[in-house]
Amino acid sequence: MGICLSAQVKAESSGASTKYDAKDIGSLGSKASSVSVRPSPRTEGEILQSPNLKSFSFAELKSATRNFRPDSVLGEGGFGCVFKGWIDEKSLTASRPGTGLVIAVKKLNQDGWQGHQEWLAEVNYLGQFSHRHLVKLIGYCLEDEHRLLVYEFMPRGSLENHLFRRGLYFQPLSWKLRLKVALGAAKGLAFLHSSETRVIYRDFKTSNILLDSEYNAKLSDFGLAKDGPIGDKSHVSTRVMGTHGYAAPEYLATGHLTTKSDVYSFGVVLLELLSGRRAVDKNRPSGERNLVEWAKPYLVNKRKIFRVIDNRLQDQYSMEEACKVATLSLRCLTTEIKLRPNMSEVVSHLEHIQSLNAAIGGNMDKTDRRMRRRSDSVVSKKVNAGFARQTAVGSTVVAYPRPSASPLYV
């Protein structure tokens with residue numbers, strides 16, 4: 001169940017791996033245990049009590065969103081639609097458009113495949129937790145067949161939008177902001193993995209990282225979250241759910257879920273931030289469609305790292321920073337689960353890299369500049385060669401291919 005809390009959602013490409021798609025690939029037979037699912041409740045009995053949440057009436061949310069008018073839609077998908085609305089900051093009652101607190105109201109389709117269980121997980125997790133890097137759930141509505149969630153409005157939308165949109169009117173995220181977003185998201189995951197919470201997020205990806213007005217990252221979409229293992233258990237066995245390109249290989253193979261599964265997903269997103277490429281893009285040449293597989297050989301070679309780095313980031317980082325981010329990404333992506341860092345370690349590494357960026361101020365030495373020019377020259381030649389080949393056969397050149405990372409289907 002995805003969260004689309006910004007006015008920028010409509011800018012997403014129709015081919016994107018969105019937060020609205022189905023995520024379940026079903027049972028893996030003997031390799032994974034199925035999750036026992038209780039019947040969907042028709043009362044608030046299964047909702048954990050939380051003083052932080054308000055139980056809204058359907059009429060209140062209808063008024064707050066101007067009767068769910070089409071021009072209030074922020075986004076839509078398999079779960080239903082997200083509407084923009086306004087409520088009074090103190091009373092939390094509906095207010096006139098443009099006044100009070102801006103909210104995002106997610107309205108679940110009554111016959112939507114994402115269903116009540118994910119809605120319930122969202123309410124219970126976000127209702128119990130409060131952290132600056134988790135999106136704030138203000139309240140919910142459970143009335144008759146209506147299922148709605150009320151969130152704080154995130155004015156800058158998702159990381160996915162900022163990282164992959166192209167065009168004359170869109171400014172790419174700077175290196176400094178990418179580090180800030182990565183660190184904020186890492187802190188959110190570290191909080192979930194802490195001994196006090198013990199939650200496995202299970203769907204960490206760019207579309208689930210939302211940004212406030214100051215580009216502070218907040219994790220959204222807790223419909224797939226699971227309680228972590230307890231006692232002497234090392235993992236949770238469950239059906240494999242998530243998004244292709246982000247799920248850890250051992251989780252795909254066995255259905256065994258651990259916090260290190262989230263660490264792998266973080267490594268993928270860190271690589272997306274570094275490269276400006278999507279985790280999976282079927283519109284790229286066959287050898288470049290899977291970002292992790294394509295990038296790994298370059299990341300282990302200091303002289304080839306610049307072939308992976310987003311060429312829109314010229315002169316914004318030092319060689320030392322680039323190498324450290326590449327190394328951290330590789331550590332998160334290793335197939336040896338025990339060798340992956342925990343998220344607290346990741347936070348420490350990113351804080352160090354961020355301090356390097358602040359100290360260096362974007363200045364590079366002569367070696368950095370020489371290697372950058374060489375890398376840019378290689379990239380430019382490849383782009384021009386590709387352009388010439390496509391033009392020669394009379395095909396349309398797509399400067400910015402549609403993304404194609406997809407959810408895990410049955």
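Including glycine, each Cβ sits where the backbone N, Cα and C put it.
Annotation comment: Swiss-Prot describes G2 as N-myristoyl glycine, evidence class similarity to another entry.
Per Swiss-Prot, S-palmitoyl cysteine is recorded for C4, and the stated evidence type is similarity to another entry.
The region 'Disordered' annotation in Swiss-Prot covers 11-46.
The feature domain 'Protein kinase' is assigned by Swiss-Prot to 68-352.
In the shown protein chains, 20 other C-beta atoms lie within 10 A of the C-beta of G80 (ATP binding site). Marked as ATP binding site by Swiss-Prot on the basis of sequence analysis: L74, G75, E76, G77, G78, F79, G80, C81, V82, K106.
Every protein chain considered, the tally of other Cβ atoms within 10 Å of the Cβ of Y151 (phosphotyrosine) stands at 24. If you look up Swiss-Prot, you'll see Y151 (among others) marked as phosphotyrosine.
Per Swiss-Prot, the feature active site, proton acceptor maps to D203. Taken residue by residue with DSSP, D203 (active site, proton acceptor) is part of neither helix nor strand, so it is coil.
Annotation comment: Swiss-Prot describes S207 (among others) as phosphoserine.
Under the DSSP three-state reduction, S237 (phosphoserine) is assigned to strand. Residues or ranges marked as phosphoserine by Swiss-Prot: S237 (among others).
Positions annotated as phosphothreonine by Swiss-Prot, on the basis of similarity to another entry: T238 (among others). A sphere of 10 angstroms centred on the C-beta of T238 (phosphothreonine) encloses 20 other C-beta atoms.
T243 (phosphothreonine) falls within a strand when secondary structure is assigned with DSSP. The phosphothreonine annotation in Swiss-Prot covers T243 (among others) and rests on similarity to another entry.
Per Swiss-Prot, phosphotyrosine is recorded for Y251 (among others), and the stated evidence type is similarity to another entry. Mapped onto three states, the DSSP output places Y251 (phosphotyrosine) in helix. Neighbours of Y251 (phosphotyrosine), defined as other CB atoms within 10 A of its CB across all chains, total 25.
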Model confidence over the domain 'Protein kinase' (68-352) (mean pLDDT, whole number): 92
Cα-Cα distance linking Y251 (phosphotyrosine) and L74 (ATP binding site), given in Å to the nearest integer: 33
Residue, out of the binding-site residues L74, V82, whose Cβ gathers the largest set of other Cβ atoms within 10 Å: V82
Distance check against Y251 (phosphotyrosine) for the recorded positions D203, S207, S237, T238, T243, keeping those with Cα within 10 Å: S237, T238
